Structure formats: structure tokens, C-alpha cells
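Report on one structure; see the data block that follows.
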Amino acid sequence: MSGAMLFIKEDLKITDVQVEVLAGILNLCALAGSLTAGRASDWIGRRYTIVLASVIFFLGGILMGLAPSYAILITGRCVAGVGVGYALMVAPVYSAEISSPSSRGFLTSMPEICISLGILLGYISNYLFAKLPLMYGWRTMLGIGALPSMMLAIGIFAMPESPRWLVMQGRLKEAKEVLLKVSNSKDEAESRLQEIKKAAGIDGSCVDDAVEKPRRTRGEGVWKELLLRPTPPVRRILIAAIGIHFFEHATGIEPVVLYSPRIFKMAGIDSKNKLLIATMGVGLTKTSFILVATFLIDKVGRRPLLLTSVGGMIVSLSGLGFGLTVVEHSEEKLVWALALSIACLISFVAFFSVGLGPITWVYSSEIFPLRLRAQGASLGVAVNRLMNGTISMTFISLYKAITIGGSFFLFAGLAVLAWLFFFFFFPETRGRSLEEMEEVFSNGSCRLSTRPVTRDDCEMN
């Protein structure tokens, strides 16, 4: 969409306000998708929820690719948004539930890697399809997104169902078979099965192939337990999940990804080809540093990586705000200010991608208890999409009101608040099983630990 908007505005003769709506409407519709995805994934399973998301997104892509008018384009964007909401909720949860504790960070960050790779491929396709006639170019940029969604819908049938969802349905034999495939050893598979059965309320000594479904296996009563009568650990988990999703977008990544051609233009790059090439640099940086993060997240841990990431974002956003302010108020073209702006924009994307970007999805998908995980994760995604939509739909109006430099100084201030929030509210979860997360969040002195919290630590406290 970032590159397509350059041509949509020219072809359909739309205003800046309509551009903002087009950019952000997907995320507001994803809000509706994410809020219903949790219940759907508890009802039909994680795997079939991914299929459903793919079909919805395919329909949205086709509508956008064939859109004869702005109204149809918006409709297609809304339909695609619902699919995005489903996918963003279920993909990290599915990854977390089939992963062992030793590799969960790496595997749960894979969806974020693939999102970044998709963004990079989108930037490349923008550059290639920009050479087509105006009325076909941007439609091809958007319509081609329907192809990967169908590949996913077909490919997911070769993947196993979540063993935790199978246990919730009483299908113990199937769950054990999946765990034997995705665990490092038979003993690990057996140990994980015992923990999952305990979390689901099934007797650990039960060796039956199937049992009666445990109570509340389809999400009944979960919202009451999450929002109305949460236990202290669940309340802390909920605050952590909502907080990290809020700050992921409140710190400004969406304007950089979505409006990077416009930002580069304000920094002094005029040619459309050069704008699209510079934007590809953003996508390449994002993908590269998320790859780095996947190899660090299970070795360094979530908390140190997150604090380092946000600290670097604060410095980068401040530098970007300063550089763009100088460019905006200078009557002549200052090469050093242009270079500073581009360098800070790239470094901001790098710091975001090495920590806050992937950890948001890893952390929020692994901290909720089994009975609350699907709908708890969907609530986090809903906040994520709401913030994404709000920021993307108001950024043009924001920088026109307080200047482009001022808007990034504002994001820098929010990043400072984010760093403080993560420092005081986020415990380390590396190396802990999903069934131990309530314990991790139940002890005040454990919350500030920068290393994996052990059971003995919390018992001593």
C-alpha cells in the first residue's frame, strides 16, 4: 500500500484525508477480526482458523486488485483487514503452542519475519509494477497479495493441529502424536503432555486415548475471567500484553513503514523511482534485523533485547525529528541533514526489528494461561490493530499540525514511556513452559528479573 498510494492518489484523484482512511481502515477492520478470532480458534481449532483467515484475505485481495473506484477499494481493504485480524491473532498462538520452551522464541517470531519479508516483497513489487500503465500498476500491486494467502490455505493442511487445543477437546492420543513430532525427545513430549493436561484440568495419570471435553473448552466465561474478575497474576499478564501491543505502534513504526516514501520526499528525495528504492531499503533493514532477533531471543532473553531495542529507538526517533526539522526550516538543501534523517530512519527500523517488533508477538502469545490464551491474545491484537489504524489514519494530519519533525519527537517521548513500562512490568519468560507463566507473574520480586525465573526463586520469595 505504501507505494500504491503514490499512484492511487493520482489515478483516483483522492484527497489526503481519503489517503489516511485508505491506509488505516484495514487495521480498524482487523480489530473486528481479531476480537472474534479467539473464540473461533477455540471453536474450530487453530489450524482451520488460519484457513479461514486466508480465504477472507484472498477475497479482499481480489476486490482491491479489481477495484474500479475508491468505494470498492475501501471495501476490499476492509475485507482483507478482517483476514489480517484473524491471522495476526492465531499465527503466534499456533507457533507458541507447538513449540518447546527452548525454541519457542525463535519459532513464535517466525510470523513476524514472514510479515517483514512480505513487506519487503511488497516494496519490490511496487518498484517493478510502477512501470505499468497508471490504471494497472497499483491494482497489480494490491491484487497480487491474494496469491500467498491461497498458498497458506493449502499449505496449512500439511501441518499438525495445536496439541494444546487437542487436549482442550479431550483428544489426548492425537495431542501425544503431535507432541512426539514437535518435541526433541519422547521424554520431553511426555513431560509437555502432563503439563498441558494439568493446565486443562485433566488428571495427569489418565492414559485414555480420549476423554470427555474439559469444562469451558470453547471460550465460555473467558472474558469475565480476563476483564471482570482477573486474579492478580492474570491482571499483570493482561496489562503486559495490552501494554506491549499499545507501545509497538504508539512509538511510530507504522508511519515509517506506510509513509516512508512521503518521509523520504520531505527529507529531499524527489524522484518516484528513488523514493521506491529508498523504501526497499527500509524493508530490507526490517527483514534483516528481525532475522538477527530470532537467533538472539532464546539466547539473550526477551527483556534485555526489548530494553536495548526501545533505547535505540528513542535515540533514532530524536535524531530523525531533529534532521527533518532542520530540512523543513532550511531554505537550501542540506546534505548532512538529509543523510542524518535517512540514517536515523533506517536505524529506527533496525532497533525496532531487533526487539520490540518480534518480541511483541512472542511475549503476548506465550504469557496467557491455556484457558485464556486464544481470547487473551485476540484482545492484545485488537489493541494492536486499533493503535495501528489510529496512527496510520492520523499521521498526515498530525505532521501538518505539529510539523514532521515534531511528530517524531512525539514518538520519541512515547518511546521513553515504553522503556519505563517494560523495565518495571516485564519479567523474563525465556526457558519457561507456557504452563508456568502464571507463576512467573505471581511474585513481585520475580517481575524485575533479567534472567529466566526458576521455580526455586519464586518458592523462596
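Cβ atoms are placed via backbone N, Cα and C, with glycine included.
The shown structure was predicted, so the numbers you read here are calculated from the model rather than taken from an experiment.
Between the listed ranges 172-199, 200-227, TrEMBL ties the annotation coiled coil to 172-199. Sequence-distant residue pairs (6 or more apart) of the transmembrane segment (136-159) and the transmembrane segment (50-68) include at least 3 whose Cβ atoms are under 8 Å, placing the two stretches in contact.
For the coiled coil (172-199), the model gives a mean pLDDT of 87. As a quick check, the transmembrane segment (303-327) and the transmembrane segment (334-363) clear the bar of 3 or more Cβ pairs under 8 A, pairs 6 or more apart, so the two touch. Distant neighbours of the transmembrane segment (334-363): 92, 96, 104-105, 108-109, 111-113, 116, 240-241, 244-245, 247-248, 251-253, 256-257, 260, 263-264, 267-269, 278, 281-282, 285-290, 292-294, 296-297, 302, 305-313, 315-317, 319-320, 322-324, 326-327, 384, 418, 426, 429; these residues of the same chain sit at least 6 beyond its ends, with a Cβ under 8 Å from one of its Cβ atoms.
Counting residues 6+ beyond its ends, the transmembrane segment (402-426) has Cβ neighbours under 8 Å at 236, 239-240, 243-244, 247, 250-252, 255, 263, 266, 302-303, 306-307, 310-311, 313-314, 317-318, 320-326, 328, 356, 363, 395, 447-448 in the same chain.
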